[in-house]
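Asks: Provided herewith is a single structure, encoded as structure tokens, for subsequent inquiry.
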Amino acid sequence: MQEWCTIESDPGVFTELINAIGVQGVQVEEIYDLNDEQQIAQMQPIYGFIFLFRWTSKGEKRESLKIYDQDLFFANQVIQNACATQAIISILLNCPQIEIGEALKNYKEFALALDPKERGNCLGAVDIIKTAHNSFARPEPFIFSNDKKKAKEGDDVFHFVSYIPFKGKVYELDGLQDGPILIGEYQDDWIVRAKEAILTRIQHYQEKETAFTLLAVNQCRKFKANNIILQSQNEIFQSLKTLEFIGVDLTEDQKQQLLQLSTQQNIEQELLQESSEELQNRLTLANNRIQEAQIILSEENAKFQKYKEENSRRKHNYIPFILELFKMAQRKGQLEGLLEKAQQKQQQKLQQQTKK
């Protein structure tokens with residue numbers, strides 16, 4: 001049976017993975033500063049956070065819930081190398097606002113009757129998830145056995161945990177724990193409550209000089225921008241039709257815009273209560289929103305194109321090309337010299353690391 005590969009903790013990788021398993025309108029973005037309110041506001045709505053940190057064999061057991069809401073989906077991590085995908089799925093399956101697609105719906109419906117360990121095992125049987133995950137496998141030049149590669153002492157092993165809002169409470173979902181960890185209740189903004197727990201954890205790892213990364217799973221900004229454009233276009237149409245109805249002369253630009261937006265909709269009655277000045281102000285604000293949304297769309301399209309190119313490079317097998325380069329260097333009598341230089345650089349690097 002094919003194992004699960006390790007995958008890079010990159011927003012572009014996770015965003016493509018989410019789309020590949022049939023979930024639409026969701027993306028992943030890296031958070032560089034949890035106190036950056038502007039960045040957090042731009043990402044809204046945020047469905048959950050993923051915290052990635054270097055894990056050790058002395059991983060801590062924390063106080064978790066034995067009894068919790070039966071609708072809260074929690075699964076143990078029993079599949080090696082699946083923790084990144086499992087952290088994402090933990091958020092997707094606990095957010096009713098997200099259209100999770102057929103594959104995840106079927107998995108959730110089947111797995112809800114199972115205990116957390118069986119849920120984790122069951123995940124390995126969902127082909128579309130495993131295929132999407134393993135599509136980011138790095139090409140290996142030689143495969144001698146199907147044995148799992150065990151992490152050695154000193155190897156960098158990373159672990160992923162999720163933070164989610166669920167029915168007025170914030171939870172940490174860590175597949176290596178026995179159950180969900182209750183962070184606390186919240187009133188209006190779950191992020192404020194989650195932020196306290198995450199910042200405490202960040203401080204803990206900073207003191208130990210442990211590497212960590214924080215990611216947000218949020219609504220796709222392209223999806224959000226398109227919705228703003230559609231809503232604003234409808235408001236422009238309604239305002240122009242109302243102005244026309246009450247006898248205000250439209251400018252040529254406004255007539256052209258009305259023609260482009262023409263639909264079979266009726267005028268919304270509440271707009272008839274507004275003055276021409278209020279309607280003109282509505283038009284200005286709606287047009288401004290469209291311009292801002294179009295800028296976001298342009299930026300996001302460029303970002304997604306970059307994701308596509310980077311993911312293509314990740315998946316491409318460069319090994320035949322590299323082997324051919326070695327053969328050419330050997331034929332020209334350059335291979336030994338190149339190997340010596342590489343060994344010297346490696347020794348220098350090790351010496352520098354030893355001095356630190």
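From the backbone N, Cα and C atoms, a Cβ is placed for every residue, glycine too.
Below, the features straight out of TrEMBL:
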type	residues	note
ACT_SITE	CYS83	active site, nucleophile
ACT_SITE	HIS159	active site, proton donor
COILED	269-355	coiled coil
DOMAIN	3-219	domain 'UCH catalytic'
SITE	GLN77	site 'Transition state stabilizer'
SITE	ASP174	site 'Important for enzyme activity'
Asks: Near CYS83 (active site, nucleophile), which residues of its chain come within a Cβ-Cβ distance under 8 Å, counting only those 6 or more away in sequence?
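Replies: Looking at Cβ-Cβ distances below 8 Å from CYS83 (active site, nucleophile), excluding near sequence neighbours, one finds GLN77, HIS159, PHE160, GLY175.
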Asks: For GLN77 (site 'Transition state stabilizer'), name the DSSP secondary structure in the helix/strand/coil scheme.
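Replies: The three-state answer is coil.
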Asks: What mean pLDDT score does the coiled coil (269-355) have in the model?
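Replies: Here the predicted model's pLDDT, averaged over the coiled coil (269-355), is 81.
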Asks: If you skip the near sequence neighbours and keep only those at least six away, which residues in the chain come within under 8 angstroms of ASP174 (site 'Important for enzyme activity'), Cβ to Cβ?
Replies: ARG62, HIS159, VAL161, SER162, ILE181
Asks: May I ask you to report the DSSP-based helix, strand or coil state of the residue listed as 'active site, proton donor'?
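Replies: Strand, per DSSP.
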Asks: Where does ASP174 (site 'Important for enzyme activity') sit by DSSP, helix, strand or coil?
Replies: coil
